[in-house]
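Pulled from TrEMBL:
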type	residues	note
TRANSMEM	32-50	transmembrane segment
TRANSMEM	70-89	transmembrane segment
TRANSMEM	96-115	transmembrane segment
TRANSMEM	127-148	transmembrane segment
TRANSMEM	179-204	transmembrane segment
Amino acid sequence: MTEQIAAAEPPRTTGRRAVTPSFGPVRRATQLVLGLLLFTFSMAMIIHSGQGNNPWDVLHEGVVRVTGLSFGWVVLLVSAAVLTCWIPLRQKPGAGTIANAVIISLAIDPSLALLDRLAPDPGPLAAVALALTGIVLNGVATAAYIGVRLGPGTRDGLMTGLVARTGWPVWRIRTGIEAVVVITGILLGGTFGWSTVLFVLAIGPVVQWSSWKWLAPRGLVG
């Protein structure tokens, strides 16, 4: 649940006119859903690796341990709680915002169950491979679902809303939010490790690298 895509490369030019690709509604909806499904599976890979969850999943896992609820229910409830924080920030959710909360909450438990069957007890090398691959896929998936510009995820919208209201830089707001989330998650029993730190450092560059024209073209209205 990362936040901003770098601007896409300039459109190709043919003579005097620029070639500016755009997406139709079917392409946008398909990319949104597939991006969120890939995002969810990458989350599950990082969680299953046991090497340290991404910041929000440190919190989610901590709540799971305390409440006994499924991971999907916790993701949905936390998303709803964060969404209520949008109200004083005057943020407006889009179709992508709702899809983000619903698809991830529905798909995360089946994804975790699938990985538990495929790799019930990954060894050290397999665990590292799961974590690294999960981080890369998470960045690609983030670029895909944000690239259709149908609204940010609930957590991303909280960050952008606070940036707009306070005037503080993105890095300060994001660092503050993630610090609170991670510390709370650790206190509740969530898994923190080296891949948590690597995720924070690497996810932005991976998203930017993944923002090819076919994921986030210029000229897209939405």
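Each residue, glycine too, has its Cβ placed from N, Cα and C.
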Subject >> Tertiary contacts of the transmembrane segment (96-115), as residues 6+ beyond its ends and Cβ separation under 8 Å >> reply: 1, 32-33, 36-37, 39-41, 43-45, 47-48, 70-73, 75-76, 79-80, 83, 130, 145-146, 148-154, 157
Subject >> Other parts of the chain folded back onto the transmembrane segment (179-204), taken as Cβ under 8 Å at six or more residues beyond its ends >> reply: 2, 46-47, 49-63, 65-66, 131-132, 134-135, 138-139, 142
